[in-house]
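> This is the structure I want to talk about, given as structure tokens.
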Amino acid sequence: MLPQIPFLLLMFLTLVHGMFYAERYQTPTGIKGPLASPKTQYFIPYAIKSKGIPVRGEQGIPGPPGPTGPRGHPGPSGPPGKPGYGSPGLQGEPGLPGPPGISATGKPGLPGPPGKPGERGPYGHKGDIGPAGLPGPRGPPGPPGIPGPAGISVPGKPGQQGLTGAPGPRGFPGEKGAQGAPGVNGRKGETGYGSPGRPGERGLPGPQGPIGPPGPSGVGRRGENGFPGQPGIKGDRGFPGEMGPSGPPGPQGPPGKQGREGIGKPGAIGSPGQPGIPGEKGHPGAPGIAGPPGAPGFGKQGLPGLRGQRGPAGLPGAPGAKGERGPAGHPGEPGLPGSPGNMGPQGPKGIPGNHGIPGAKGEIGLVGPAGPPGARGARGPPGLDGKTGYPGEPGLNGPKGNPGLPGQKGDPGVGGTPGLRGPVGPVGAKGVPGHNGEAGPRGEPGIPGTRGPTGPPGVPGFPGSKGDPGNPGAPGPAGIATKGLNGPTGPPGPPGPRGHSGEPGLPGPPGPPGPPGQAVMPDGFIKAGQRPRLSGMPLVSANHGVTGMPVSAFTVILSKAYPAVGAPIPFDEILYNRQQHYDPRSGIFTCKIPGIYYFSYHVHVKGTHVWVGLYKNGTPTMYTYDEYSKGYLDQASGSAIMELTENDQVWLQLPNAESNGLYSSEYVHSSFSGFLVAPM
């Protein structure tokens, strides 16, 4: 059965091929060839010419099919046919397995997707304790915490006697008691602990001391008084004559009315006279004004440990390195006042201190009567300029001489060294107690500071030996100046001889207006009530600009870092202060010309935060705060326009001791400026 299958297939193909051949290659025209396609070709039948008569025979009977020819070569593959119509046939049986292929290493495939997280494993065993880590850097100070609830007060056991507390505030001076008997000289007590108290109020001026003996006679020739001539005929106004010697003081007349405030330039300070005879040793003076607090230290605060038992006192150790500044602790309660000790012996005279802060300007005194004009003396020949001598000790003040002729402006002299401070005078009598002042306005609340933990008290060391007297401290903050009562006028002293002419001193403060002069002066010279001129320009123009508007301006620099807290900051290096309205010793600007002013300040911050305020007459006008970043140098500035009247005062001040990191040095300047914008 199987060998007949290929034979039947060949027979089927032969029949199909024969039917296709008969239909394709037999045409009705009798022309051999393929039929024309009705779409692409058009066949036109035509008759073939021949020499004979065309005879067309009848179609014969088709002969029997010939034998099957040999199978031809497979033709070229035709174009793909159109998709047929019909349902797909049944799936054939799987073929025989093919021969094994050649194995070769394939390329690595793409990474698969991440697997699902596995289940949580069991807890491992506890590991050993690791080594202690290094201490981390100090973090920034945290915000102040919420105050905790009030604790339950339980009376505790009485503790041991505490250390002597800080001295309390200075009380009011009591009434002068009767003089007691001198006590036995006691031993000198140890140096106490505590911050210096605030300077007390200024006492009333003491009684005027006795007049000292006149100084030695100065070297020089005094002209003889000429005889008064007879009055001649009044002629033309002549040149001013030499100023004659001052006559003897006349009897004191009745006090006149207070004159108007004069306009003038302060005269030059007179030359120091010959040293006088040293007087007797005076009484010990009152303690000086406390100096400003020192620069804040820097220290790292440790954790408070448990209080141990008190051990034996050890030897005093060597001074350690300066640590970082710790947080300020709370002030302790004032201790009980101790019993007064016996009066010790009088100590040796201390080193003269620096000049104190100038007091308030006193009232203008009464104008005395003018003395009679003296006779004109002969003018001596001018002497040669001598070498500059060393500054002598201050002598006794002689009588005020008559003003001389205006001299030419000399070259600026070399600034002399400040003289030693003279001995303090005797204590004056007790003044009349003043009235209690009205309560001032309540200040604005300050920035809350961070509260640090209180450390345990240290073991007290052995008392050290008495140290050498220290250098005089810097002047402290300005005290509250109270106006004292005018003391009685002392008797006039005998006139001393005229001393040598010294070098011109620094210009002094303006004095009270003098009485109107009676001397007749020619044109071109100073008259009573006339403004002095210098080089054709009024001296009052130093306070006026080019346009005639009044001028008041200053710019100053702070030379030392970390100024005192609670007092005006003394900017002591002057860039411009021609009108002298700013005082570099106190750091206060005093308004002399009422109007609108502009103030500005620029400060640097280092070590801790800074909180600086602009004050007007003791009241803060505005604040500037800068939070310090460790390792950096910050800046802060502020400015304001203010309306000032005469004698108003403006300054900069640090109101808080915990925010006092105001820094200034030789190359990093903190400055303060102000100027008049428009007068009123």
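Just so it is clear, glycine is given a Cβ too, placed from its N, Cα and C backbone atoms.
Note that this is a predicted model, so its numbers are computed, not measured.
Taken from Swiss-Prot, the feature region 'Nonhelical region (NC2)' covers 19-56. Look at Swiss-Prot and you will find 303-321, 373-382, 391-409, 423-433, 442-453 tagged as compositional bias 'Low complexity'. According to Swiss-Prot, the domain 'C1q' annotation covers 547-680. If you look up Swiss-Prot, you'll see Asp626, Glu627, Leu633, Asp634 marked as Ca(2+) 1 binding site, on the strength of similarity to another entry. Marked as Ca(2+) 2 binding site by Swiss-Prot: Asp634.
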> For Ca(2+) 1, what surrounds Asp626, Glu627, Leu633, Asp634 with a Cβ no more than 8 Å from their Cβ centroid?
His604, Val605, Lys606, His609, Val610, Tyr628, Ser629, Tyr632, Gln635, Ala636, Gly661
> For the region 'Nonhelical region (NC2)' (19-56), what's the model's average pLDDT?
46
> Which of Asp626, Asp634 has the fewest nearby Cβ atoms, counting only those within 10 Å, among these binding-site residues?
Asp634
> Take the Cβ of Glu627 (Ca(2+) 1 binding site) and count every other Cβ within 10 Å, whichever protein chain it belongs to.
14
> Does DSSP put Asp634 (Ca(2+) 1 binding site) in a helix, in a strand, or in coil?
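Going by the DSSP assignment, Asp634 (Ca(2+) 1 binding site) falls within a strand, counted as strand.
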> With DSSP assignments reduced to helix, strand and coil, which class does Glu627 (Ca(2+) 1 binding site) get?
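Glu627 (Ca(2+) 1 binding site) sits in coil per DSSP, no helix or strand.
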> With DSSP as the yardstick, break the domain 'C1q' (547-680) down into helix, strand and coil residue counts.
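Going through the domain 'C1q' (547-680) residue by residue, I get 0 helix, 77 strand, 57 coil.
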> If you draw a 10 Å sphere on the Cβ of Leu633 (Ca(2+) 1 binding site), how many other Cβ atoms land inside?
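I count 12 other Cβ atoms within 10 Å of it.
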